[in-house]
Amino acid sequence: MVKIVTSQAEFDSIISQNELVIVDFFAEWCGPCKRIAPFYEECSKTYTKMVFIKVDVDEVSEVTEKENITSMPTFKVYKNGSSVDTLLGANDSALKQLIEKYAA
């Protein structure tokens, strides 16, 4: 299940308290974000050892700025509290490869 983050404090807490976190930085008005959302949700059900969250770039702008997000969707992988990988764009196969790289 994908959790929607609503504050900087919540984002920081999730990132620091979980070994592997995949973050989808999205916007409600973003067509590609909407297109890949069901696939991201499916991945959260398949790869249950990872935490999947979403951050609305317009609603939680402090996280967006801190993480230097400039395009949507942007997917970031956090391992033990640190950003370790980034994927730009709504590419299902590239997102699956990114997730599988860290799921192993």
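Every residue gets a Cβ built from N, Cα and C, even glycine.
The annotation domain 'Thioredoxin' is assigned in Swiss-Prot to 2-104. Look at Swiss-Prot and you will find Asp24 tagged as site 'Deprotonates C-terminal active site Cys'. The disulfide bond feature in Swiss-Prot is assigned to Cys30-Cys33. Among the features that Swiss-Prot reports, active site, nucleophile is placed at Cys30, Cys33, with the record citing similarity to another entry. Per Swiss-Prot, site 'Contributes to redox potential value' is recorded for Gly31, Pro32, and the stated evidence type is a curator's inference.
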- Inside 10 Å of the Cβ of Gly31 (site 'Contributes to redox potential value'), count up the other Cβ atoms and send me the figure. 10
- When the Cα-Cα distance from Asp24 (site 'Deprotonates C-terminal active site Cys') is computed for each of the recorded positions Cys30, Gly31, Cys33, which gives the smallest value? Cys33
- Packing count at Pro32 (site 'Contributes to redox potential value') (other Cβ atoms within 10 Å of its Cβ): 15
- Item | Cβ-Cβ distance under 8 Å to Cys33 (disulfide bond), same chain, at least six residues away | Asp24, Phe26, Ala27, Met72, Pro73, Ala90
- Under 8 Å Cβ-Cβ from Cys30 (disulfide bond), six or more apart in the same chain: what's there? Met72, Pro73
- Local confidence of the domain 'Thioredoxin' (2-104) - pLDDT mean: 97
